[in-house]
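K.L.:
Quick one: the structure is below, and I'll ask about it shortly.
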Amino acid sequence: MKVTVVGAGAVGASCAEYIAIKNFASEVVLLDIKEGYAEGKAMDLMQTASLNGFDTKITGSTNDYSKTAHSDIAVITSGIPRKPGMTREELIGINAGIVKTVSKNLIEHSPNTIIIVVSNPMDTMTYLVHKSTNLPKHRIIGMGGALDSARFKYRLAEALGAPISDVDGMVIGGHSDKGMVPLIGHAARNSVKVSEFLSEERMQQVVEDTKVGGATLTKLLGTSAWYAPGAAVSGLVQAIACDLKKIYPCSTLLEGEYGLSDLCIGVPVVLGKNGIERIVEIELSDAEKAKLKESAEGVSKTNGLLEL
Ligand SMILES: NC(=O)c1ccc[n+]([C@@H]2O[C@H](COP(=O)([O-])OP(=O)(O)OC[C@H]3O[C@@H](n4cnc5c(N)ncnc54)[C@H](O)[C@@H]3O)[C@@H](O)[C@H]2O)c1
Ligand SMILES: O=C(O)C[C@H](O)C(=O)O
């Protein structure tokens with residue numbers, strides 16, 4: 001199992017590290033445009049192998065895509081991150097050009113690869129990969145919901161005073177400050193709805209804290225987060241590589257599901273060896289449907305800024 005990660009920055013390196021530590025891939029190639037950077041990150045990570053007990057071989061490449069040939073899975077983390085006060089949507093001008101070039105280069109050397117898009121604004125970048133390549137839809141996956149759901153669970157556990165392993169919750173919709181739809185009505189503490197434990201006000205606070213999860217960290221760090229994003233990507237990669245058939249909310253091209261079409265947005269999907277093996281349509285309340293529709297309108301508006 002060969003995995004390529006393009007963009008050896010904060011998220012790309014974190015993602016490579018988690019993939020290696022989980023020890024399911026034979027090879028991870030890190031590629032970056034900055035001279036020597038990916039090679040340096042790869043060497044540093046390889047020097048953790050005996051300490052962390054993994055056998056995955058990590059190599060680096062400065063923009064040489066021949067090294068990525070025959071990748072089963074390719075992750076795109078190349079592009080600029082936001083600074084405090086910015087929205088993800090403001091990154092479109094620079095990142096669209098990068099994502100378009102990178103996906104073209106990847107497919108040239110790995111025509112059968114499954115692409116996971118991470119660069120922001122992620123839903124629009126995922127849509128761009130659809131529009132600019134001829135990959136089938138099940139092989140183009142946007143990562144956002146897995147991260148947002150992890151943050152939702154963190155906030156739920158905090159509010160409940162419960163261990164995170166006792167908590168279940170999912171965030172669908174666009175990966176944006178305004179567009180996320182944390183499904184609080186479905187969230188549970190070991191099968192008991194969280195509304196049994198939390199007031200309406202506290203639940204709303206959890207929802208709001210979740211939606212600004214990325215912005216909160218960006219303000220604290222001066223750039224956007226990388227540990228949880230890297231871990232979330234590694235979860236998706238593992239589900240595909242090991243054919244786990246796990247459900248994650250991922251950004252995928254909708255063609256009528258949830259009453260939406262011609263955009264990529266986060267909905268629950270089953271991930272296995274073929275990439276997105278099924279879009280799962282869950283029953284939503286009228287309020288949740290309205291929020292998803294509003295979120296989709298936001299994503300479509302950003303998609304409208306693409307030069308296709
Ligand atoms: N979808 C998500 O949930 C999520 C989570 C975190 C970050 N992100 C996004 O991921 C992207 C990367 O974030 P980061 O913190 O790792 O940034 P970073 O600046 O640390 O790393 C980005 C890397 O991309 C490289 N790069 C730029 N252009 C390239 C090209 N054409 N080819 C190859 N490499 C290129 C840069 O040299 C840099 O090393 C940002 O757009 C950020 O907003 C998304
Ligand atoms: O917040 C960001 O800009 C990065 C990423 O989308 C995140 O949610 O951490």
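Using N, Cα and C of the backbone, Cβ positions are placed for all residues, glycine too.
Where the annotation comes from TrEMBL, it is an automatic prediction and has not been curated.
Features from TrEMBL:
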type     : residues                                                                    : note
DOMAIN   : 1-142                                                                       : domain 'Lactate/malate dehydrogenase N-terminal'
BINDING  : Gly7, Ala8, Gly9, Ala10, Val11, Gly12, Asp32, Asn95, Val118, Ser119, Asn120 : NAD(+) binding site
BINDING  : Arg82, Arg88, Asn120, Arg151                                                : substrate binding site
DOMAIN   : 147-297                                                                     : domain 'Lactate/malate dehydrogenase C-terminal'
ACT_SITE : His175                                                                      : active site, proton acceptor
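Quick one: where do these features end up spatially?
P.N.:
Mapped onto three states, the DSSP output places Asp32 (NAD(+) binding site) in strand. Residue density at Asp32 (NAD(+) binding site): 25 other Cβ atoms are found within 10 A of its Cβ, drawing on all protein chains shown.
Sequence-distant contacts of Arg151 (substrate binding site), defined by Cβ-Cβ distance under 8 angstroms and a gap of at least six in the same chain, are Val171, Thr210, Gly213, Ala228. Taken residue by residue with DSSP, Arg151 (substrate binding site) is part of a helix.
In the three-state DSSP classification, His175 (active site, proton acceptor) falls within coil. His175 (active site, proton acceptor) counts 29 other C-beta atoms within 10 Å of its own C-beta, drawing on all protein chains shown.
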K.L.:
Select the closest residue to His175 (active site, proton acceptor) from the following binding-site residues, measuring between CA atoms: Gly7, Gly9, Arg82.
P.N.:
Arg82
K.L.:
Roughly how many Å separate the Cα of Gly9 (NAD(+) binding site) from that of Arg82 (substrate binding site), to the nearest whole number?
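P.N.:
Distance between the two Cα atoms comes out at 13 Å.
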K.L.:
Do you know the mean pLDDT across the domain 'Lactate/malate dehydrogenase N-terminal' (1-142)?
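P.N.:
That region's mean pLDDT is 98.
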K.L.:
Spatial neighbours of Arg82 (substrate binding site) among the binding-site residues Gly7, Val11, Val118, Asn120, defined as Cα within 10 A: which are they?
P.N.:
Asn120
K.L.:
Which of the listed binding-site residues (Arg82, Arg88) has the least company, meaning the fewest other Cβ atoms within 10 Å of its Cβ?
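P.N.:
Minimum Cβ neighbour count within 10 Å, taken over the binding-site residues Arg82, Arg88, occurs at Arg82.
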